[in-house]
Amino acid sequence: MFKHNEQQPEGFQISLKEALDNLAFNDAGLVAAIAQQHDSGEVLMMAWMNREAIEETLATGRVCYFSRSRGKLWRKGESSGQVQTLKELRIDCDGDALLVKVDQTGSACHTGRRDCFYWKADANNVTIDKAPIKDPKELYGK
């Protein structure tokens, strides 16, 4: 459906139901979702969403993912307070990935770092190049 409509003019619309019906969810019913800070373009994290998480996110404006480890919906910030407020949700041209533009409160990463991409690779090494902005023990009480 997405490829079929890629030559449509700007302003062309389909229903949310049709778009969700045609997303390329994987065998587990999930689609990759990249969270990006809406005003700076900073890439914060990658997580997974199922249809229910997408629908809840769009309905509430608070970003909800699907936790593979817990096997349930994960409302970002429900235990840490580090909430993501939805600014815009975009679907890529193949319908197999989402870009979730957010306003991130505090850190996005469970390590207490602003984002999850703190390992920087070059031809010889991989180096941690970002410090936590908050102690994870303070975020999660562990």
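Note that Cβ sites are derived from N, Cα and C of the backbone, with glycine treated the same way.
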Given that Swiss-Prot records Cys93, Cys116 as binding Zn(2+), the matching residue among Cys64, Cys109 is Cys109
Could you round the CA separation between Asp94 (Mg(2+) binding site) and Cys109 (Zn(2+) binding site) to a whole angstrom and send it over? 27
What is the set of residues, excluding Asp92, Asp94, Asp96, whose C-beta falls within 8 angstroms of the centroid of the C-beta atoms at the Mg(2+) site? Phe2, Ala24, Ile91, Cys93, Gly95, Ala97
Fewest other C-beta atoms within 10 angstroms of its own C-beta: which of the binding-site residues Asp92, Asp94, Asp96 fits that? Asp94
